[in-house]
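The next block holds one structure in the form of structure tokens; read it before the comments.
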């Protein structure tokens, strides 16, 4: 009798989970060319796509500035892509628009602009077979970055499950070439999970980079609803753990979006698990629905709540935490802090 009840309860739970996924967007919904009537919605500059009034703390000015224009033109000329533009980041004016180019930060997206996965929060294009890698991309990227005179650059990629190594060699080669041409530039990589292959994680971690980042995105309980089914919470945790195993003094970093309906207990548990694998830096930002095909925003989290999580993370021993409605994984204020930490470390090694 008890066995039958447990089986029945398990079946109901599985059915509810399947129903929830079926009601949400599927992988096919994100495939390139299948957008249909789902027009893009700017996550900050337009009204909320969920029918909710956008809180005042999420409104920002239209990005502008000569430096922003110059960096955009440089990218076009070299055929490079940035996640800043692909993901319509609200901080692009802050990161690109300053008068001092050496203070500017840019997040370059490698291996094309089309991902093999279809996460339910992400606006990047999706296709099962994005096409071959550009063999000239590592060199072109290194040349462009060294010419710009940027002090800190973030390299990220779309997921490339179609490649045997997930693109890890291509990624690592880009880092090495940048360091050869401009060793003073600090390089942060924001990688995918390489399908959990720890050898591929090690390839990237040992490339000479300064910061290894991989985003958890959300709490464990919501991961199957928010991310592509090939991405799991524990798999992502193992990626961050392996980066530290490969290079113990490497700074590791992750990012979490709030507003999916997570509970405080779930966020607390996530922070504890991250500290358990030695993650140094965590960022919190508000999830914004990029198009009507994507998950709805469950909650607009208040600035006060973001402040709470910033303090909680620091109390738990994280080296740094950037937390705010408009904070994104590659956030300029966080990069300035990391840059100072790395410079102090390098100076200490030189003594």
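The count begins at 1 with the first shown residue.
Here the Cβ of each residue, glycine as well, is placed from N, Cα and C on the backbone.
Listed in Swiss-Prot:
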BINDING   84, 89, 95, 330  [4Fe-4S] cluster 1 binding site
BINDING   115, 119, 122  [4Fe-4S] cluster 2 binding site
DOMAIN    100-319  domain 'Radical SAM core'
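In the predicted structure, the domain 'Radical SAM core' (100-319) carries a mean pLDDT of 91. Each of the binding-site residues 115, 122 was scored by the number of other CB atoms within 10 A of its CB, and the lowest score belongs to 122.
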